[in-house]
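K.L.:
Sending over a structure as C-alpha cells; questions will come in a sec.
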Amino acid sequence: GWQASTKSGSLSYILPCNRLPVQLMSQVRVYTSNGQKKNLGSEDTNGSNPEETQRKVGTGRQDTSNAGQKQSFLKEPIQVKVKAVLKKREYGPKYTQNNFITGVRAINEFCLKSSDLDQLRKIKRRSPHDDTETFTVYLRSDVEAKSLEVWGSPEALARERKRRKEAEIKYRENLFRNQRLLREYKEFFGNTKPRSSAAAMFFKGPGKVVMVAICINGLNFFFKLLAWVYTGSASMFSEAIHSLADTCNQALLALGISQSARTPDPSHPYGFTNMRYIASLISGVGIFMMGAGLSWYHGIMGLLHPHPIESLLWAYCILAGSLVSEGATLLVAINEIRRSARAKGLSFYQYVVQSRDPSTNVVLLEDAAAVLSVAVAATCMGLTSLTGNPYYDSVGSLGVGTLLGTVSAFLIYTNTEALLGRSIQPEQLQRLTELLESDPVVRAIHDVKATDMGMSKVRFKAEVDFDGRVVTRSYLEKQDIDQLLQEIQQVKTLEELETFMLKHGENIIDTLGAEVDRLEKDLKQRNPDVRHVDLEIL
C-alpha cells in the first residue's frame, strides 16, 4: 500500500505502509501515484481537501533526493481502493416490529374486536395450510398500537388480559358440569344428530372384527363357566378364564378404536391414533395377568391337590362349540389382515409382525390361541377320561397358561415398539429420499428421519440444502426482466441499492418457502402414508 497526497500533480510524500488509514463510508476512491484521484461512487460529502487527505494518510518527510529516487521506480500508477460498507443495523435481543400475526391472535392476545381490525393494514401472505393459498395477516406493531388506542394504557390492557384468563380458567373448571348438563339435555329431548364416525367404525374393518369377537367370546365364557361348575375340570376353568380375558380385552380394544377417532386438539396436535396401541398394550398385560396367571395357578393347585372329575360329556360339547365359534372369529380376522396387507403391499407375516393394525392383531392372536387352547384342553381332558388320572387335566391348564403368556409377551413387545416411534422400512425411506434428491432445487439432504406414528401415518423430517441459484432463477422467471433491468439501472446510491436488495431479497425468500411447500405436497401426494413433513433449510 503506497499512500500519496498531491495537490499540483507532483509526488511530494511517498510512504509504504501495511494499513490504509483512509476511511470513507459512502464512496470508493482510487488514489494513484501520478497524482490523479478517481471517484468510483458518490462525491465525498465531507468535502475533504488534499491537506485533510494528507493528514488522514499520515505524515512523514523524506529528502527531495530520496523522493526523486523512489519516484523513478514508480513507472506504473499504484491504485488503492476503499470499499464502501453499509452500516450494520442493531436490532437488540428482542425485535418484533416486522412480525406478522393472524386476526385470531390479534383478537385473543390484544383483546380486540373484529371491527377494530378493519381499520388496520391487511397483508396477504402464503398460507401454511394445504386447503388455502393465501391468508390475511396484520403487522404486530399496528395491532399493538391499536390495542393501546382501545384500552388507553398498557396497564389497562394487562388487567383485561388477566380478567379473561381468570374467566377461561373458570370455564374449564365448569366444563365437566356443562358436559353433564348437555348429556341430560340430549337424553330428555332426544339426540337427533346423525350417527357419529366413531360409531360407524364398528361396522367395517377392524371395528367389525372386534365387535364380532366380543359377542362370540362373551357367549363362550358363559357356556364354559357352566361346564366348569358342572364338571370341576381345571382345563375347563382355564378355558372359561381365557374367554373372559378375551372378552374384557376386546372391549378395551373397542374403547381404543373409538378414542382413536377423536379429532386433534391443541393439546394433541397429531391426533389420538396411538390409543389403539395403548389399548392393545393394556390388553396384552391383561391377558398375561388374568389368563396366564389364573390358568397357571389353577393348574398348580390341581397338581398339588388332585380330585376326581365328573362326567366330561357336556364339557366336550361346549369345547366343540367353542372351537367352531373361535374358528369363525379367527377366519374373520385373517381375512381382514389379508385385505389390509394386500392394500399396503406387505405379506401377511410382515403385516402382523409390524403391528400395522393392533386391534385386528390382538383378535387374530387371541383367537389363534383360543383354538389351540381348546385343542390342548380337549386332549388333556380325553387323557384324563381314558386313564382316570386328574394330573393330565392340570397339565392341560398349565399348557393353556403358557400359550396365553406367549401371546401376551408378543403383544406387549410389538405395541411397545410401535409406541416408541420406530422408523419406517428402509425401502420406503429410500423412495422418499430419492424423490427429494431428484428435484432440481435440492442439492443434498441430511439427517433424514421417518417415524411410523401408527395406523399408516408417517412423519418425515430432513435437513435440506437448497440450490440458491435455482431458487433465484425460479423467481426471475416470474418477473418482467425489462422492468427489473430498469430498476437496476436506476440504482445510484447505497440507499437505493439497499431498497432494491431488500425488496427482491424478501421475494426470493418467499419463493424458497413456496418451493418447500411444493416439495412437502409432492411427498404427501406420492406417498399417502406420509401425513406430516418437516423440511428444514440448511
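Cβ coordinates come from backbone N, Cα and C, glycine included.
Quick paste from TrEMBL:
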{"type": "COMPBIAS", "residues": "33-51", "note": "compositional bias 'Polar residues'"}
{"type": "COMPBIAS", "residues": "61-71", "note": "compositional bias 'Polar residues'"}
{"type": "DOMAIN", "residues": "210-420", "note": "domain 'Cation efflux protein transmembrane'"}
{"type": "REGION", "residues": "33-71", "note": "region 'Disordered'"}
{"type": "TRANSMEM", "residues": "209-230", "note": "transmembrane segment"}
{"type": "TRANSMEM", "residues": "277-300", "note": "transmembrane segment"}
{"type": "TRANSMEM", "residues": "312-334", "note": "transmembrane segment"}
{"type": "TRANSMEM", "residues": "368-388", "note": "transmembrane segment"}
{"type": "TRANSMEM", "residues": "394-413", "note": "transmembrane segment"}
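Describe the structural context of these features.
P.N.:
Residues of the same chain lying 6 or more positions beyond the ends of the transmembrane segment (394-413) and with a Cβ under 8 Å from any Cβ of it are 234-235, 237-239, 242, 245, 280-281, 283-285, 287-288, 291-296, 298-303, 306, 361-362, 365-366, 368-369, 372-373, 376-377, 379-381.
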K.L.:
Which range wins on Cβ pairs under 8 Å with the transmembrane segment (209-230): 277-300, 312-334, 368-388?
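P.N.:
Answer is 312-334, with the largest number of Cβ pairs below 8 Å.
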K.L.:
Six or more residues beyond either end and a Cβ under 8 Å away: which residues meet both conditions relative to the transmembrane segment (277-300)?
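P.N.:
For the transmembrane segment (277-300), the sequence-distant neighbours (Cβ-Cβ under 8 Å, at least 6 residues beyond its ends) are 234, 237-238, 241-242, 244-246, 248-250, 252-253, 255-257, 259, 355, 358-359, 361-362, 366, 394-398, 400-402, 404-405, 407-412, 415-416, 418-419, 454.
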